[in-house]
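Enquirer: Supplied in structure tokens, the structure appears directly below.
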């Protein structure tokens, strides 16, 4: 019995030891597995950190490439200006440097293949934007970067390097375009712009629409011919042709305008070209978005339907007017903030607020479904007209220089990037027939814009748009940053890829050939340089009267607006102009005193209005300032009256004053400044005192 108990106890102990050994081995295995997983996780973290560091270095090197491009462009520009070399503008130079770097990146640099890359096949109906992959129980998220051909599977690293120097198209719209467009509105010479406003609006609105449809129809015929010949590799509809016509109708004669400014070409020709390019960029953006919004009912979305066309036209009007109102409203809000606060005492804060409000206009318009280009353009014009007068002298200089610098850098960056993308973009589609058809269509579309409209405009203009001016405007229809930005924004389809590739070639040709031949074209057309119509030293009084009649014919559409703006809006929104106590009826005295700033009373003896030459030279406009009233009738006769006005100025005296410079009429201690063109030559006796 004792022996039996001993044996059973030994067996129980052995079983217990076995259980302990098994448990210990299991614990050791678990610990080893955990340790192995921790080691794998640590190694994976180290690899991830190394890849992140390498990516950071690669991104820094990519940005350094563009910085070096801009630096090299600036140094070469200085050399060209020093040598007075005008055959190649800075934008064309930036494109050449971009082309060189693009060739080096495409064919001169090879990145070794990463052995960790894995190629797998799966069957799905569409390409998902985000892909979740289960790797050993862990889920990893991958994003779609784009399609590559079968023969490029082994060159993924090279494609990745080229893709890194290809920016997101939204970078152009949200970062690079706003300072360019804002600077165009902020630096606009309003005097010459509004003097030719009717012609500029005709070229910008009617001309752009005509050019769009002419190019679209011609390109549709070209596409049909390509389809018959079997040279079309994908779908290409009439709406695509119209979209192409809209984006290549956006002109950007920055090269020509720079040469015009340097050579001092006729200001009316400069104003027509500059005004058209500023506004037609905005029109082209809204027109292209309206074409994209064209959506007939039914399965076939590319058939013609009247209601769909009317809807697109309504979208065009709504988007343009809404963007215009938003831009003006932002400018007015900024003017009111600067008017009712003491920000001018803190110049840094003042400049920062001005910059942020101006830039946010673009983003606000895009977020609201409008067009940021139109909004920021008219915001710039409004800021220059109102807010600029409220800024301190330091902030005025800062804002001018800031946006001029941003415009220069952004524009040259875009043109450098154009040259780069000719070789780094992965999905180019070059079709010789489409390219030739595009060049012919762009030429005919520009001709259909300039010549018929110039003929119709000359029927109502006293100062005719001469034939040599028309030829120069035809020649100066360069394509640039806006055309490129619109074409690169969507390259998902075969048609858009072909349009983008062709657009690049059109921009290259117009910038290099047309921009480089500007000086020769001016000489060929015998357009005078070194003198402009408003600032000719040999201008006689008769010529001054003729110039004034030209102002009258162009400004009559705006005489009511300018009279209202000068007497009411500027006193409310700025510290310049006459006090509201002098312009509002006596019954509004308390309101006028509340809205009139102390600076307006301090400046009561001096009228500063950049646009007063447009006001004073039109019919039936009275400017009451202090105790002096200056009136002008449609015939050009001027009268002045006051409680103690002892003398009368002859019509010739006032004609001389209106024809030359920023001269002053001193009347009983009240100084009336008539600002004309800033650089006009002084008259031998600029100051007439009437006693």
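Note that Cβ sites are derived from N, Cα and C of the backbone, with glycine treated the same way.
Worth saying up front: this structure is predicted, and the values here are computed from it rather than measured.
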Enquirer: For the annotation transmembrane segment in TrEMBL, which listed range does it cover: 45-62, 63-80?
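Expert: Spelled out, TrEMBL records transmembrane segment over residues 63-80, not the other listed ranges.
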Enquirer: Among 270-291, 292-313, 402-423, 468-489, indicate the range for which TrEMBL gives the feature transmembrane segment.
Expert: 402-423
Enquirer: Which sequence positions outside the transmembrane segment (315-340), separated from its termini by at least 6 residues, show Cβ-Cβ distances below 8 Å to it?
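Expert: Residues 282-283, 286-287, 289-290, 293, 350, 353-354, 357-358, 360-361, 364-365, 368-383, 385-387, 390-391, 573-575, 597 contact the transmembrane segment (315-340) from elsewhere in the chain.
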Enquirer: Can you say which of 92-109, 200-226, 402-423, 494-518 has the most Cβ pairs under 8 Å with the transmembrane segment (63-80)?
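Expert: Most contacts with the transmembrane segment (63-80): 92-109.
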Enquirer: Counting only residues 6 or more past its boundaries, what in the same chain has a CB within less than 8 Å of a CB in the transmembrane segment (92-109)?
Expert: 65, 69-70, 72-73, 76-77, 80, 161-162, 165, 255, 412-413, 415-424, 508, 511-512, 515-516
Enquirer: Could you check whether the transmembrane segment (171-188) packs against the transmembrane segment (402-423) - three or more CB pairs closer than 8 Å, residues at least 6 apart in sequence?
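Expert: The transmembrane segment (402-423) and the transmembrane segment (171-188): touching, yes.
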Enquirer: In terms of Cβ proximity under 8 Å, which residues at least six beyond the ends of the transmembrane segment (429-448) contact it?
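Expert: Distant Cβ neighbours of the transmembrane segment (429-448) are 210-212, 214-215, 218-219, 221-223, 225-226, 229, 231, 233, 244-245, 248-249, 474, 477, 479, 494, 497-498, 501-502, 505-506, 509.
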